[in-house]
Amino acid sequence: MVYIHFALLFACIIYAAKLGGIGVGMAGGFGMAIAVFCLGIPPGPMPLDVILIIMSVLFACSVMHVAGGMDYMVRVASRVLRANPKYINILAPAIAFLLTILSGTGFTTMSILNVIQEVAKQNGVRPSQPLTSAVVASQIAISASPISAATAAMWVVVETMGVSFGQVLCVILPAGLFGAAVASLISAFQGVDLEKDPIFQARMKAGLVAMSSQEQREAPLPKGAKLSVVIFLLSVVFIVAMLLFKKEIGHTLGSRDIIVITMLFISMLMYWFCDVELTKIKNSSIFKGGYESLVVILGICWLASTVIGIYIPTIKEQATVLLGQYPGLLALAFFCVSALLFSQGATSALLVPVAASLGCDAPMILACFVAVSGIFVTNVYPTSAFAISCDDTGSFMGKWSGTYVINHPFFLPGCLGLVAAIPFGFLMAGLVF
């Protein structure tokens with residue numbers, strides 16, 4: 001039966017990867033029905049803590065979005081880019097990384113990609129370079145953000161190992177930053193100079209490249225935009241402080257309760273003081289896209305915990321020895337599954353509990369955690385696809401257009417960034433623990 005059980009799990013994961021998006025959760029639910037009703041496997045534990053944390057953070061982000069807070073952050077980032085065009089290859093990934101760290105979502109990065117490509121081409125920089133570095137930096141930043149879905153899923157597990165939130169941040173934040181920096185450096189040297197690119201020259205002659213500024217007069221932001229950002233960022237500081245100084249403060253609250261209560265509380269504050277229309281919240285792009293991830297995690301992660309859970313004792317004997325000899329295998333598993341599921345949060349919720357049950361200690365999990373950022377393997381992820389579509393210079397065309405799945409500008413910087421970040425993560429873990 002073991003072969004049938006795991007064949008079901010892998011078949012559902014592969015089919016889920018083909019469906020993408022909310023279909024991943026549906027595939028997991030279908031697998032659960034077969035596993036429980038047909039094969040008689042008892043249901044494993046639902047990832048409820050992870051779902052509740054993600055739900056509350058997404059809701060608060062959606063309220064801030066409706067209040068104009070996201071637009072305000074993007075506007076500030078755009079002004080910085082336009083004011084310093086010579087440093088576009090440095091500022092683009094730095095801003096994308098920072099926005100993602102603070103918001104816990106990559107949606108903010110998509111909002112500045114048009115500005116990045118415009119500033120780049122006006123200053124003779126190949127747009128694919130800063131666009132690639134910004135996208136990859138944002139994707140890696142998810143694994144370093146204290147309020148991202150991926151980090152929340154991981155923290156729920158490692159917290160039970162006696163690890164403090166400060167120790168977690170001391171490993172994942174430097175590792176993510178180092179990986180993003182390496183990826184950005186590689187991106188800056190990809191492709192020929194824009195003026196020497198025959199595709200760009202041909203598109204220029206054909207009138208397909210708009211070199212004039214597309215900057216439009218900025219529409220006034222809602223009155224509560226700035227205040228909503230202040231409220232949200234203060235809540236992040238509060239959560240981190242409550243988790244960092246748990247012993248000093250003397251509270252016994254778990255991370256789930258702190259995050260959920262805080263996020264619901266600030267959502268109410270933003271409604272009161274930032275002129276938020278309640279009916280608009282459910283139509284926010286963050287609300288729609290984010291809550292899709294909840295279905296993904298519920299379906300596929302529940303299936304994995306159900307099937308793998310009944311074989312944990314057997315798997316643990318073999319895996320403990322193997323992972324002890326080759327700890328990098330955990331990073332490889334993170335990378336491959338994230339590339340299949342197109343979700344850092346789903347990958348974290350799926351594999352971190354499994355890794356812990358197999359005997360992987362917290363330092364190993366934290367050091368390898370940055371590898372959940374492997375969603376850049378193909379160029380069809382929303383931020384990657386949008387970066388390509390917003391570039392009219394043709395810098396993503398040619399032999400690196402992605403026609404062979406991995407032959408695109410995101411692949412090499414992303415992979416090399418993670419290859420550099422994982423050993424750095426082990427180094428940081430060795431210093432912290």
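Cβ coordinates come from backbone N, Cα and C, glycine included.
Because TrEMBL annotations are produced automatically, they should be read as predictions rather than curated entries.
Feature annotation from TrEMBL assigns transmembrane segment to 6-39 (among others).
Annotated transmembrane segment per TrEMBL: 51-70 (among others), in sequence order.
For the transmembrane segment (90-113), the list of distant contacts is 57-58, 61, 70-71, 73-74, 77-78, 80-81, 84, 120, 130-131, 133-142, 144-149, 151, 176-177, 180-181, 183-184, 187, 233, 236, 285-286, 289-290, 382-383, 386-387, 390: same-chain residues at least six beyond its ends, Cβ to Cβ under 8 Å. TrEMBL lists 90-113 (among others) with the feature transmembrane segment.
Feature annotation from TrEMBL assigns transmembrane segment to 164-186 (among others).
Taken from TrEMBL, the feature transmembrane segment covers 227-245 (among others).
Annotation comment: TrEMBL describes 257-274 (among others) as transmembrane segment.
Summarising the annotation, TrEMBL assigns transmembrane segment to 294-312 (among others). Sequence-remote contacts of a segment are chain residues at least 6 beyond its ends whose Cβ falls under 8 Å from one of its Cβ atoms, and for the transmembrane segment (294-312) they are 2, 5-6, 8-9, 12-13, 16, 21-22, 24-29, 31-32, 35-36, 41-47, 50-51, 54-55, 58, 149, 153, 341, 343, 345-346, 349-350, 353-354, 357-358.
The transmembrane segment annotation in TrEMBL covers 324-342 (among others).
Positions annotated as transmembrane segment by TrEMBL: 349-376 (among others). Tertiary neighbourhood of the transmembrane segment (349-376): same-chain residues 47, 50, 135-136, 139-140, 142-144, 149-150, 153-154, 157-158, 160-163, 167-168, 171-172, 175-176, 179, 297, 300-301, 304-305, 308-309, 312, 315-316, 319-320, 323, 327-328, 330-339, 341-343, 384, 410-411, 414, 418, 421-422, 425-426, 428-430, 432-433, selected by CB-CB distance under 8 Å and a gap of 6+ residues from either end.
Nonlocal intrachain contacts for the transmembrane segment (410-432), taken as residues 6+ away from its ends with a CB within less than 8 angstroms of a stretch CB, comprise 132-133, 135-136, 139-140, 167, 170-172, 174-176, 178-184, 186-187, 190, 327-328, 331, 335, 363-364, 366-371, 373-374, 376-377, 379, 384. If you look up TrEMBL, you'll see 410-432 (among others) marked as transmembrane segment.
Segment contact holds for the transmembrane segment (227-245) and the transmembrane segment (51-70), given three or more CB pairs below 8 angstroms at sequence separation of 6 or more. Among 6-39, 164-186, 257-274, 324-342, 257-274 has the largest number of CB pairs under 8 A with the transmembrane segment (51-70).
Sequence-distant contacts of the transmembrane segment (6-39), counting only residues of its own chain at least 6 positions beyond either end whose CB sits under 8 Å from a CB of the stretch, comprise 292, 294-304, 306-308, 337, 340-343, 346.
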